[in-house]
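Enquirer: Just passing along the structure, written as structure tokens.
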């Protein structure tokens, strides 16, 4: 069993570069199946989710070369075969294969997706959109069968009942090679959607409106190869900004797009966090007094659900009482009992997280229950006095590239142990 050991209380300083966006690349890689030639992605993060996606692509017949942060995929050999359940079950973003396989073959046999357990994240919105485009859905054991019965998937006018990043991207990808025009209303607006649309348009797609709540896709017959730069990971950036504010004495976070983090930075400024925003970087000063605030997550451009857990250890250093309300994923509270083990004055009341600061954290044995909860525990361990041992770290490695090396370079006493 692998675990992370942190000897906390050491102030961090220096510079850390943000990697490419996990939430983009897990959609970009499956979308490449639609191409008729080689596609190259630059800025690909070294995370286990990428490794899993590469393995799936190779099992399906793609030729893949991955060196440094550059990923080259030739999808011409991809075959219409049932997708491997084991890999699919461990990877939530595997549902992005639905849209690309339907777009290329008009059918797909896939296992249901896995990933972090954050409560209801139904794929009903995806399936409703596919059905509007002529897809029939059936189930056989652990597999889901999607088929157009030999017909070409067709365009449709689709209204998303709930704002959903995954369903928006999946529908957009499926519509790229569909016959006719597709309109997605109440579409999600996240930067990662724009990133996927940019890749597809560079391949020859006709997508307009990505980043707004109405996206229009005019189907095309062929998509050529291209080269694409993955956008910076705004969630990783926010995690390091919060971490730097909590235990830093001057940390510069580079490869940051401020416009992707405006709501997050506004809440930090409300707390009293002192920082300087540069063209593609943010410098976080050593903090003095911070005040407690209320956080309420909402779809982009609101406060990202993925950032409420990584921010929690910093909130615990603030003076006063505050609350965290996650309107996106109701079960995103699993970090709370682990932080309580470390001495945090924090609890869940009526589905809301309530905290009282400042809390003095001490090292403890804790368990990462999901990706962003794991990030919260890493920050808490860096703040805490004494030794913190984090288990179940596979969740953390799913989404944070080179996290041990990056934190070590900032002066953290942190190591990954293989038991």
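Note: Cβ is positioned from N, Cα and C throughout, glycine not excepted.
Bear in mind that the values here come from a model prediction, so they are computed numbers and not experimental data.
Under the heading phosphoenolpyruvate binding site, Swiss-Prot lists 22, 23. Look at Swiss-Prot and you will find 92, 121, 122, 123, 124, 125, 306, 328 tagged as UDP-N-acetyl-alpha-D-glucosamine binding site. Residues or ranges marked as 2-(S-cysteinyl)pyruvic acid O-phosphothioketal in Swiss-Prot: 116. According to Swiss-Prot, the feature active site, proton donor maps to 116.
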Enquirer: Judged by the number of other CB atoms within 10 angstroms, which among 124, 306 is the least packed of the binding-site residues?
Expert: 124
Enquirer: Determine the Cβ neighbour count for residue 328 (UDP-N-acetyl-alpha-D-glucosamine binding site): the number of other Cβ atoms within 10 Å of its Cβ.
Expert: 21
Enquirer: Excluding near sequence neighbours, so keeping only residues 6 or more apart in the same chain, what lies with its CB under 8 A of residue 23 (phosphoenolpyruvate binding site)?
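Expert: 165, 190, 192, 233, 235, 306 - these are the non-local Cβ neighbours of residue 23 (phosphoenolpyruvate binding site), listed in sequence order.
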Enquirer: For residue 328 (UDP-N-acetyl-alpha-D-glucosamine binding site) and residue 22 (phosphoenolpyruvate binding site), determine the Cα separation and express it in whole Å.
Expert: 19
Enquirer: Calculate the distance in Å between the alpha carbons (Cα) of residue 22 (phosphoenolpyruvate binding site) and residue 125 (UDP-N-acetyl-alpha-D-glucosamine binding site), and round it to a whole number.
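Expert: Approximately 22 Å lies between the Cα of residue 22 (phosphoenolpyruvate binding site) and that of residue 125 (UDP-N-acetyl-alpha-D-glucosamine binding site).
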Enquirer: Within 10 Å of the Cβ of residue 125 (UDP-N-acetyl-alpha-D-glucosamine binding site), how many other Cβ atoms can be counted across all chains shown?
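Expert: Other Cβ atoms within 10 Å of residue 125 (UDP-N-acetyl-alpha-D-glucosamine binding site): 20.
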